[in-house]
Amino acid sequence: MLSQTLVEMKKEIAINQDIWNKIQSLPPFTREECKKMLDEATARVKKNLDIFKNDTMPRHSSEKNVYPVDTNHDWSSSFWCGILWLAYEYTSDEIFKQQAFIQCQSFRERYIQRRSLDNHDTGFLYTLSCAVGYQLTGEKWLKDIAVGAADILILRYKKDGGFIQSWGDNGEEGYYMLIVDSLMNLSLLFWASEVTGDPKYAKIANQHAETCAKTVLRRDGSTYHAFYFDRETGKPDHGETAQGFSDDSTWARGQSWAIYGFSIAYAHTGNPKFLECSHRASAYFLNHLRDDFLCYWDLCFKKEDHQLLDSSASAIAACGLMDYAERAQDNLAWYRHAAGIMLRSLYQVCGAHLDPKSNGLLLHGVYSIPHKLGVDECCIWGDYFYMEALLRIWKGAGGWKIYW
């Protein structure tokens, strides 16, 4: 049942009727298509076990569509572990579970050594490794490590501003700020309160989501990448970009994080404001798709701009759209249909089968064009969310127990 506020918001910020009708007119994404894509993806993951042995993993992005071998040190290191858990859920093949456990052991070592954990991405790192591992296996040590990681994350909470500092050393000059990606990191805190019974984690997560709703989400449903606060007063100051085209444009991956992240915040809090935020972000995203229902790396671009797409943003958005629709019970069939259309297009335009030498799942991802990182490459988070979206469709609405 939609809240009255959400009904009013839908009138103000709506999906373009032409987009709605065009997606509605396309053939539905079938279980046969989904199975084919999942089978190919899990086969590729299994083959990659010969490359990423023991506690190694793919780097954040590929080089000429081939992931180099990396170690557990980056913000993105847990997406490989998440992929292994997804592959295990789909196939029940113990080899994926065994390798995921090895990965989790490396996250235990990273936790013990406090290696590269002074940032908000501790949420990404320990949600997709140890917290999910505990959810799927019940191994207590996994819970203990993930709760310990949540304790580290809340140290970055700034009470006067009501947010978790995203970048920089804790309290570092020039980094009194948050980024839209941080919404996904809150899952670790909500989970920690659920498994410990201590409300302190969820309280901080809820306040951070509230602050994001007031700052990174613009009135038209678009988003800032980063938002800064006055260090003396804690009051909101200004929005910027770091990986988008400009401060006033809309970085596509950030928009996808907002769609999914606000929906997840609603799932854990029941606060309809967050569902409204997810709706606004969803409508803006859908209204700025390319003709093939994928997105450019920044949503300000049009066809005549000849810009690169970002497959990873589309994969994240597909997950977020399905999650929003399930929470809101708002045109559930249409949103799942739209996600399926996006996944079909991802496979046809960006599927790694198009490059026989690639060891990724999705081509044409973008890490950061301003930083010249992972430009038109496979991105490990794109591969993860591509698999998650497929598993969501395979399991049916409400059939998959969310990792977030």
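Cβ coordinates are placed from backbone N, Cα and C, and glycine is handled just like the others.
Cross-referencing ASP50, ASP55, ASP181 against the substrate binding annotation in TrEMBL, which names ASP121, GLY239, THR241, ARG253, TRP257, SER368, picks out ASP181. Among the residues the record lists as binding substrate, namely ASP121, ASP181, GLY239, THR241, ARG253, TRP257, SER368, the two farthest apart have Cα atoms separated by 20 Å. Around TRP257 (substrate binding site), the C-beta neighbours below 8 angstroms that are at least 6 residues distant in the chain are VAL180, ASP181, LEU183, MET184, ILE316. Between the alpha carbons (Cα) of GLY239 (substrate binding site) and ASP121 (active site, nucleophile) lies a span of roughly 20 Å. It is 18 Å from the Cα atom of ASP121 (active site, nucleophile) to that of THR241 (substrate binding site).
Cβ-based neighbour count (10 Å, all protein chains) for ASP121 (active site, nucleophile) stands at 22.
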